[in-house]
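Under the heading transmembrane segment, TrEMBL lists 29-55, 67-88, 94-113, 140-161, 193-219, 239-258, 278-296. Taken from TrEMBL, the feature domain 'G-protein coupled receptors family 2 profile 2' applies to 30-290.
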Amino acid sequence: METFYTAKLHGFPNLSRAMMEPAFSEESVLSLLIVLGSSISLVGLVFAFITYSLFSDLRSLSGTTLMNLLAALFMNQLLYVIGVGGVPDSELCIALAFSMQYVRLCAFCWILTMTHHMNFQFKTNLNFASCNDNAIGKRFFMYSLFAWGAPGLLLGASVFIQYKDKAGKFLDTASLKTHNCWFLDSNAMVYGLLIPATILVMLTLSYVIRAAIVARYVISMQIDRKVRNKMRRKRTLQVVLFTKITMILTLVTVFGALSKFLKLDAIWISYNGIQSLQGIIIAILVTCNCHILKIYTRKFKSNRGKYITTFDKASSESKKMFSKSPGISKSTSLQLLTWDPAPDSV
């Protein structure tokens, strides 16, 4: 793994004549994928975050929890980029590994809170009416306490396991540097990330399934056809969106674990490709859908209407101003352009 890692990411391939061209080609493709994919992902996550913070229609409890998920994904993507070139310092390496594990767990916790809120909303909200601000604030506080706090507790357990496995040599990061300090050692990764992430994914999928069943039952009870179709479109969009996000997060974690334990070149390349593109894929999913596009269209039309109204008011005021001076408005004589009386000659 060290030879492959050195050849692929550090820019020190085998320079023999027989292997120079293939090694250079593979290195170039992998480096280009990581750099471009990660850069696009960071920009996409920022754009998605700005979109949900810009429009008041999206600043609900669902939108706020999604913004926190985007923040966790942004930190994950940024830490991933930091480790691409290798981390020679041991203290920075161990800090990067712990930070990556923490933000990964935060992302899983936030998608769990989003599906929990979706299930609760499908059960109680039958006419698309939003709950009051006090309920939103209290529920968001509980979600934040869980999604940012629970990963901290699991991180503390990972620190203890890592310290115990290293027999007190906490800064022994030789095994971490083979994977760019993106993962902790085996026991800390299994008990601190993989097992909790598996439980979180199972809970998330259970809420998704329960929400889909409730949504189908509630939709079938609607008498008005327009309301029924509108509810079906909105509920289906939420269920499919959260399912896709959960699958993407799970896929990245699975490939990361396989690359850690199996140490296969193909899996390592696949993990880097999926991890680098994770942010832009999720950003596209949460912004390029019919609900967001309708909000953009409505905002554009309202701004266009304001500009037209302002122009009409300015035109009407100018017409009124000229109508008050009949000598100017009704005359086309060139005498208005002459000096009257004539100026004194010099």
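Note: Cβ is positioned from N, Cα and C throughout, glycine not excepted.
Keep in mind that TrEMBL annotations are predicted by a computer and have not been checked by a curator.
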_Does the structure show the transmembrane segment (29-55) and the transmembrane segment (278-296) touching, where I'm treating 3 or more Cβ pairs under 8 angstroms (sequence separation 6 or more) as a contact?_
yes
_Confidence summary for the domain 'G-protein coupled receptors family 2 profile 2' (30-290), mean pLDDT rounded_ = 89
*Residues from the same chain, set at least six apart from the ends of the transmembrane segment (94-113), whose C-beta lies under 8 A from its own*: 65, 68-69, 72-73, 75-76, 79-80, 82-83, 87, 143, 146-148, 150-152, 154-155, 158-159, 162, 170-171, 173, 176, 181-184, 188-189, 192-193, 196-197, 200-201, 203-204, 207, 242, 245-246, 249, 253
*For the transmembrane segment (193-219), find every same-chain residue at least 6 residues outside the stretch whose CB is under 8 Å from a CB in it, and list them.*
101, 104-105, 108-109, 111-112, 115-116, 118-119, 122-123, 126, 154, 158, 184, 228, 231-232, 235-236, 238-239, 242-243, 246, 249-250, 253, 257
*Looking only at residues six or more beyond either end of the transmembrane segment (140-161), which have a C-beta under 8 A from one in the stretch?*
61, 64-65, 68, 98, 101-103, 105-106, 109-110, 112-113, 116-117, 184, 187-189, 191-193, 196
